[in-house]
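Annotated compositional bias 'Polar residues' per TrEMBL: 993-1002, 1011-1020, in sequence order. Annotation comment: TrEMBL describes 52-149, 158-249, 254-349, 354-441, 451-546, 551-639, 644-730, 739-826 as domain 'Ig-like'. Taken from TrEMBL, the feature region 'Disordered' applies to 993-1020. Annotated signal peptide per TrEMBL: 1-20, in sequence order. Look at TrEMBL and you will find 962-984 tagged as transmembrane segment.
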Amino acid sequence: MHLIIQALLCSAPLSHQCLSTQLQLLALNQLKPESCPICFCVKPIGSCGRVPPSQPYIQLESDEPWVEGEEYTVTCIAPDAKPQADITMFKDGEELTETDSYTMSGSKDKLLNTNTEVTIRARSSDDGRRLTCRTKNPVLSRLLEASITMRVYFPPQPPVIVGLEHPQVKAGTLLRVVCTSFGGNPLATLHWTKNGEVLSTSWEEDTNSRKASSVLRMEVKPEDNHADLQCESVNLVSRSPMSLTRTLIVLFEPAVVTLLGSFEALEGEEINLSCSTSSSNPPVQIRWWLGSKELNRTVDTISEGDNGGMMTLSNMTYKVSREDNGLSLTCEAFNKGTRFSNVQSEQLTIYYPPQKVWIDAPPSDQFSHSGTTVRLICFSTGGNPTGQLVWLKNGKVVQTASKQVSSERGVSRELPLNLQPSDNLATYRCDSSNKAKKVISAQTKLRVLFPAISVKINAKHEELRRGETLDLECLAGSSNPSTNISWSLGPYQGVDQAPKKAEFGGMSRTSKLSLALVSHHNGKRVTCQAFSNVLSEGVNNFYTLNVLFPPEFSDEQPNMIQVVEDETATLPAKVSANPDTITCEWIFQGETLVKERDPRYRFDDWSLEIVNVSRRDGGDYIIECSNSEGKYRTKLKLDVQYAPTVRMKTDPVSVNLGETADLLCVADANPITFDMFSWKWMGEEEIEDLGEQSEDEGTGVLTIYEVTRDRAGFYRCTADNGIAPPGSVEGQLIVRFSPELQKGLQWRKVASRGDGSNAANVVCQAEGVPRVHFTWAKNGFLLDLGNPRYEEKMTKEGAIHTSILTIKNVSAALDYAVFTCTAHNSMGQDFLDIQLLSTNHPDPPSDLKLLRFSHDSVTLEWMPGFDGGLTQNFRVRYQWAGSVSYMYVDVYPPTATVYTVTGLKPSTTYNFSVNALNAMGESSYADNNKILTVTTSEVELADGVSPADQDSTPAGPSVPTYVVVILVVGGVLCMLNALGCFLFRRRRGRSLTADTKSISQDTKSDEERSTVSGSTRYASRELINSTARRTLLVDSGSEPDSSVYESFGRQEGSHYYYPTEAYSPVLYSHAEGPEYQEGRHNTSPVAHEYEEVRGWGLYEELQGHSLLPPPVRNDQPAPPSSYYEGRVYGKPDLEVTAGVYDSMVYRRKRETKLPFELREQTLYHPPSSSDSEICLRIRSGPALTLHMAPP
């Protein structure tokens, strides 16, 4: 009988008796193992006692504020009480007596809600006061309260206007008027209007003083006269807006005073004037002024104007005199009451004629040179306006006079003259006049000296030819005084004629010249000059000679042109002839060059352009030109320069070690320049002293003294004569030296199985020049390579020569020996002893060093040792301070000698070591178990937070370790149980004789397997015998040339191979677990942490057996084995003593007839009457495999 109470829920305290009567229990006769506990929930029962009310609350008819004078009902509710609650209501601390209370059912059975109502008429004084509801009942130890604040709306008081006590305001005044409304809730909203138009809708509220104010700022204008200003106030509960109005009376002056009439007149005329004003308030009066004298008053006319004002008008007639000229005529509008005055003035202009005119000029007997500047000035005084001056020459108006200038006494106007021959004896007059229409004049004459006004050359021949005589005549025009004529053409002189009278009061002259013509006269100018000794100046003219002659080449015609190959060569033809219509031909190597002959030829103004010129275009070119007067020819040389092309005179160059080597580089170039050759070593390493470099014409020489082996290789010779691109060629230097063999540890040993089933390759590698030849000896005796058991294969790569001696069907008795490899050439010889031995575990690596590291990784490098005759891979072991065990990681690719360990912690010191493994076992750690200590660097996160500040707790939930252990052990037990049942059924009817036969068949199959060691691999689609599949034996540590999995079946000759394409070993790091007394490592899943470095792959024969059973102690302790990567590495001299595979129970195994290489690798247990046959084969490969024979 079981009693289960899961939970008890009650919203109120319950008495012990009430709980015992209400709790329901359930007795269970039997609890099934698979059933879950049954949970019971007890519902709260309200009748178990008295219940206090919940928090009371106040309920209003509406959430809107109250309006003054209206009645409102307020309800206070005290819910869910037993017994019912009592409610008292207060307004601002004063109890309200006129209340009405009643009860209603609560939210649960037997609970009551108490409702109390009260009716309140809202008053303005109630605004902001508290309304409180207090609740009590016998269960409560204190009163419960609920309260609200009353909000009451009421209208404001009428508005008040401040700042407009007097209605009269001057225009232009900045008026500031304040409208204030007191009281009201909410406070009043205010706005201003003028003549019904809204001026302002902004106002300010003062909650402390409970008032609203609106300030109106406006500039008073004349149009505001008699305007009504009104302020209006209203709020949400006002029945109608309240307003206050004020009327403005604006005093303004006339904006415009207008003066009209004619203010210009001749002396003695009458003028009519009018003065008027625009609207003003009050109206103004008008009076007239002339200068400082007030004129007789006139009658003013007043009429209505704009904005309620008045306009004024006044007219007047006045006779002017010369004395009134320049006086100001003023109209004044004034108002004595407002002290206003505004005037409008105009100046009177009275016209009368000038009084006097005269000229400031050189004396009439003074001579002036032509070209000089003479200034004639005309003055005029008196008159209004002042006179307008006009200059005339010989009765014609002169337009070049300067502007008229006014002064205190009159005006003046200057006539600047650049004297010309026509000014000689010319009459200049100045006229002065104004609006009075009377002209006054003055005049003067000038005397001018001037050179010849013109020079003209006349020729008697129209066509001029080289060798003819030309007669020229020069005519000099009028001059004052007479001039002399001269010719300017070398030493030639002319003949002068007598002078003659000419225009402007001057004299003219004539001269003649005879000229013998030559070709260089063509285009020349013959100049005739008429010179005045008095003036020291002359006038000239020229005649251009057009002399006809056959073509002639200029002195600037070049004899040679230089050009770079592949560019454009321009051969100029600087030829002259008259007429210039000429024909030219270019001749090269006796042939006339035309565009059709070679598209590279281009002719431009008889110059020859050769595009993409080549060195074949170099040589002498002849140009011949002709015109209608004759022909002529000349010669020009084209020098084509081109970039070097180089070659090695001898390649390769061979020398003995220690001798002197000369590398010769021959260049074809134009030009050949000094220091044109340079040499460069093409090897990877730098060479400080390349050698001695020299040049001989177009040959560069590199001399290397005492040649060493490291100087052998390729050298680049570059020739650069300044024309791109430089030419380069590579030449090889071969250094002859005696052979040197590779003698590292990995070259001194070769391993192979000695059961006659395998072949061994003994490799010997030497470096030497010239070609290296090899001989082989065994234990000191020369090998006969004609023996079919021996086969030699030689390869050569550069100076590296390799000899591979293949020993077929290796026998431990015959072939485990010392093989001597001798390498020799003409320079000498070298030898190496290589030991052939049985396959074994690898030698340890060496030279472990650090390449680089970061905050979470370390990169290591090492030198591999001897691989033991099998494919070796490497394993890195590391540990850090505080770790309970080592961590291991398999290197991938397996043969790599550089590996990066990742997933490390920043700023942590690690100890690293590395060893080698193959199918036979593993080596010790590198460099005599050397420990390489490395400290990782720090890491800085992107946001600047250090890793120490980060929470290292995993984000997701983790499964407890013991749960994983239980699940794994349970799964293993289930799989072993199923395997036992299967074996029990299969073992019936099988005899010991059949089992013994299977052993012999297995032995025979194994011997047959040794004869097929040279097989490669089979396609993954190959059919596999079902028996072979059941007896699958996976061994990743097979010999290096094997690429298949081996399987042994019961039938004779059933030797099968499994393809390896799908075999993908899983490489990951793991922690080394603690060892038990038996020397085995713990196989608990919680003892290792795995880091996957390759893709997962399950082995077909091990599915479901990822963990080994717990160890069992034995009388004879099992030899120690290492647990690595989820695999067991153990010594093979053990056998299983149980019918079902138990990895921890071992016995000494008996000898079998297997080949010696397979011995101590297979555990065999003979069948009994209750057990199946189990053959357990263990190798140091990546997996543990069961070999089971069917019953």
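Placed from the backbone N, Cα and C atoms, the Cβ positions cover glycine too.
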Task: Interface-richest range of 158-249, 451-546, 644-730, 739-826 toward the domain 'Ig-like' (354-441), CB pairs under 8 Å - done: 451-546
- [ ] Just give the helix, strand and coil counts over the domain 'Ig-like' (52-149), going by DSSP.
- [x] 3 helix, 57 strand, 38 coil
TODO: Averaged across the domain 'Ig-like' (644-730), what pLDDT does the model get? Just tell me the whole number, please.
DONE: 92
- [ ] Tell me the residue counts in helix, strand and coil for the domain 'Ig-like' (739-826), as DSSP assigns them.
- [x] 7 helix, 50 strand, 31 coil
Task: Secondary structure tally of the domain 'Ig-like' (254-349) (DSSP, helix then strand then coil) - done: 6 helix, 57 strand, 33 coil
TODO: Provide the three-state DSSP residue tally for the domain 'Ig-like' (451-546): helix first, then strand, then coil.
DONE: 6 helix, 56 strand, 34 coil
